[in-house]
Structures are given as structure tokens and as C-alpha cells.
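**Student:** Sharing a structure with you now.
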Amino acid sequence: MTTPTIEKIQKQVSENPILLYMKGSPKLPSCGFSAQAVQALSACGERFAYVDILQNPDIRAEMPKFANWPTFPQLWVDGELVGGCDIVVEMFQRGELQQLIKETAEKYKSSEESNTTED
């Protein structure tokens, strides 16, 4: 059964091409793992959305079931779970995260541009 919280999560994931579920905010992370994920993501140079799970206990409770991933932070790119802190940092160190983030950002920038109408 889909709960209102699961629907909220699905909406967030579908509307935000680069989304980090974390403890705290990018400027003030509340745990070391979230801080590491933010640092790697920020170094990719593209904007990203975030959800502070400490301010959203409903999401904090439901997200592990929705994602089938028990811990935070969780990075979602283009509607897919990339992983948690260890995976994000490993991908960054191999140069894979930068490529994924750049390609995703460009894909959504070009789709936004094609959706604009000119008079």
C-alpha cells in the first residue's frame, strides 16, 4: 500500500534530478557521513536538491523501505538510488560521480530549454 509519505518521496525523487536525503543541510550537515557526501557532490559543481531527514521524521521512517537501503545519506540521480556515503565517495574518487552528475545536469538543462516557448 502506498502511503502519503511514500507518495511524497516518489514526487521528490521524480522532480529532482539530483537529490540527497541527508541529516542536516549542505551548509550545516548533522553527521560526518552526510558531510562527506555533500563535499563530494558539491565538488561536482552542479546544483542539487536535498531533504533533511531530521526535519522530516516521516520520510526518515519510510525511506529505508522505499529505497531498500537502510542508512543515510542517500543520493538519488535521475530517479535512481546511487547509494550512500561510501559509494558516493568511491565514485567521486574514481571520477564516476562527476561524470554522472554532469551528464544528468546537462540532460535536465537541455530538456528545460526545449520546454520553454518563445513568442
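Cβ from N, Cα, C; glycine included.
What you see is a predicted model, and the numbers here were worked out from it, not measured in a lab.
The domain 'Glutaredoxin' annotation in TrEMBL covers 18-82. Marked as glutathione binding site by TrEMBL: Lys23, Arg60, Phe72, Cys85, Asp86. Under the heading [2Fe-2S] cluster binding site, TrEMBL lists Cys31.
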**Student:** Would you please pick out, from the binding-site residues Cys31, Cys85, the one with the fewest other Cβ atoms within 10 Å of its Cβ?
**Tutor:** Cys31
**Student:** At the level of the C-alpha atoms, what whole-angstrom distance separates Arg60 (glutathione binding site) and Cys31 ([2Fe-2S] cluster binding site)?
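**Tutor:** That comes out at 14 Å between the alpha carbons.
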**Student:** Cα-Cα, whole number of Å: Cys85 (glutathione binding site) versus Cys31 ([2Fe-2S] cluster binding site)?
**Tutor:** 11
**Student:** Near Asp86 (glutathione binding site), how many other Cβ atoms are within 10 Å of its Cβ?
**Tutor:** 12
